[in-house]
Structures are given as C-alpha cells and as structure tokens.
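What TrEMBL records for 60, 62, 208, 296 is Zn(2+) binding site. Positions annotated as substrate binding site by TrEMBL: 89, 181, 211, 296. What TrEMBL lists as domain 'Amidohydrolase-related' is 51-398.
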Ligand SMILES: N[C@@H](CCSC[C@H]1O[C@@H](n2cnc3c(=O)[nH]cnc32)[C@H](O)[C@@H]1O)C(=O)O
Ligand SMILES: [Zn+2]
C-alpha cells in the first residue's frame, strides 16, 4: 500500500525543522520527502494548513486503567494503590481487562499516540487488542511477589507465558517487555531472575523506580540504600531498562543511570496528581540520560493525551525551577517522540526517509492554532489530542479525518460502561 500526504507542514528530522513538503509512504516506511511529489498512490491525503508530525510515544502507561478513571482521585500513591486500585484490580477478569485495553487503544489512536509501553495484567488480551487496533504495543506483565517465593515463581511463569503468546503472534508491532513492578513490591530474587531472562531472551525491562519519598524511605530502611543503588548493586541496570518516574534521585543515582544508559519515562501529570514530586529533568538531561514521556494510567492522570502531557511537563518544570527557560517546547517534544523511540529501540519518532511510517496529521485550521507562527510551540502549548485528525502506524491509516477504521467506537465505549457496572455490582 502507498500513501501520499500533500501540502502539509512537515516536522522533519531529529532537529524538528518545519518545512512545507509532501511525504510518500510505501508499505510501512517513509520513502520520499520533498516538494510537489508527483507520484500516484493508493491514498492521497491533502494536508493543506495542517501539520505532519511524528506519532507520539507513550513511554509509560497501564492502558486498561481507563476503566477506573475518576473512581479514586485526590489520594497519595500508597493509599491509592493499596486501598482503592488493588482491591478493584482483584476483581478484573481477562474479559474486563480487554474491554479496558480497547478503550485505551481507541483513546490513543484518537489523540495521536502511535506506540506505547504498557504494564498490566492479562497482557495476552492486551496484545490481541494491539494487533487489532493497528497500534504498536510494548507489553509487560506487571510482576509483584511481595517477597513470597511461591509468588516469585508464579509471576515469572505468567511473564514467560505472556512472552510466548506475544512471540506467536509474530507481529513486529507487538513486543514483549519484562515488567517487575517496583523495588518495593518485588524481591531481589525476582529482580535478579528478570535480569537473567532479559539477557537470555534479549528483551527490554520496565519498572517503577523512585516514584515517591515513601518508597525511598521503605527501600532505605529495608536495604540501607536508594532504589537506584540497590538495582545497580544487584546488576539489574543496563541500557535495556526503562524506569518509570525517577522522581527522587540524588546525584549519585543520576550518575549511575547515565553510566548504564538507562532510559526514564517521565510522567508529570501522574506525579502532580498523586503529589509524588518533581523529576529533576535538567540534571538528568545534563547528565545525558535519555528521558521519554508517559501518561501513566488513566486512574492517575486521568487520560492518555500525550499533547496535554507535553504541556504539563513544560509548565511543571518552569514553575518548579522558577525559570521559564527550563523544559522548552523542543526539548519536551523530543521527549514525547524520538526519546521514546530510542528507549524502545524503534526506528520511529522522527520523520525522515527510511523511518517507519508512524505519523499523525494535526488540524491547524482552527483558531487556537493560528497564526502558524511556531509549529512546535503550538503543539506543546496550544494543541490537545483532539486536534489530531489522522493517525498512521506502520504505513496503515488507523484514523482518517477523526474516523477510526480499526476499532468500533460505539461498541468500545458501551462495553467499558458495562464492565464498570459489573465491577461495582
Ligand atoms: N501481577 C500484578 C499486576 C501488576 S500490573 C501493574 C500495577 O501497577 C499499578 N500502578 C499504576 N500506576 C502506578 C504508579 O504510578 N506507581 C506504581 N504502581 C502503579 C497498577 O494499578 C497495577 O496494579 C499483581 O498481581 O498485582
Ligand atoms: Zn505506572
């Protein structure tokens, strides 16, 4: 299949140069970019007055958690998890989780996310949804053993079964990732086993680390060191690890993360909503750490809108540092696109010849996005996910002019309501 996108403002290359150009897509790759391309294509999209951007990469989420949107707000993390979310999750079945995953996938397509890194239960069901939706999913089964050896075995077994299930799908778009939940919910034995398995099967690892001060207190009193030093001491850290949050990091921690080329998924909305704290963005970027952007789940955000997340990231770090030059628009835009791709080892996040055709078209023919003085600024500070009009992943059109082709919108919304009624009953 081929697609020609004409007359748009293209955000080109790693440096985000905005230029008027046409883009030609063949199969799943961008094969030509230039002025007035005169080529015939299966689909021709007129993007006049619109912006063609790399698709957004959500580097940390729990996609089915949209089911719990608005059911437990205004609480700190440990209280939120232990007394509200975990009891609800205990009632989840495969079917319910799948309904949540459909809702999440639909929201991501409609707000311009093209790839996401997920951690949840029933990830085989989530994998089926990813396959059907056309998105790119990096899926981890969240492992929690709370130091019980039986549970360690069980969690590893489920993770390996999930890995096998995903590998059998043999789709480049669906990838398995190891997902030990956090240093405060996983034993050292589990973490060490995950490191071994990730080496053996050449898979990425994602884990929540240094999210709250409570966590730092718990890990320090249990092990006498910070979560990052602990992970380093057991040989867990490497360039295949993506830690979510990284809010409470001292200079030593940052140095360790940089040395091992660990990536971080920054989740500013979740960190603000749960009042977890503020990630030291400048110190991390100055140390050369790769920082991507994530929304976290919809029960702590409360949506999956990466455009909104960019604005929140930019504003948070400015006010926190009392310095408006921190987290400028370009830096934040790169976090939401190319840095996420780098963490996932994905040849996307940048529009250039030869890259995967994962891109979105944003409708700038609207008053809040005019005049077009600065495209990147508008995307970070003025736009939101609903301005995304067309979403293309792997060279396939998932949404055109806001009509989603791969999922049934009405059924997806209805099913989510049904599940929530059942969970309450
Ligand atoms: N096998 C595990 C499932 C863990 S999935 C990942 C978990 O992370 C939880 N979660 C969501 N957001 C956050 C966060 O910000 N920090 C820590 N955990 C979170 C989520 O609710 C879910 O329980 C079990 O038996 O409980
Ligand atoms: Zn999370």
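In case you wondered, yes, glycine gets a Cβ from its N, Cα and C as well.
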Other than 60, 62, 208, 296 themselves, what residues in this chain have Cβ atoms within 8 Å of the centroid of the Zn(2+) site's Cβ atoms?
61, 119, 244, 245, 265, 267, 270, 294, 297, 300
Out of 60, 62, 181, 208, which of these binding-site residues shows the lowest number of other CB atoms within 10 Å of its CB?
181
So which of the binding-site residues 60, 62, 89, 208, 296 sit close to ligand 1, that is, with a CB under 6 Å from an atom of it?
62, 89, 208, 296
Among 89, 296, the one of these binding-site residues whose Cβ has the fewest neighbouring Cβ atoms within 10 Å:
89
Among 89, 181, 211, 296, the binding-site residues whose C-beta sits under 6 Å from ligand 2:
296
Taking the Cα atoms as reference points, how far is residue 181 (substrate binding site) from residue 208 (Zn(2+) binding site) in Å?
6
Determine the Cβ neighbour count for residue 211 (substrate binding site): the number of other Cβ atoms within 10 Å of its Cβ.
27
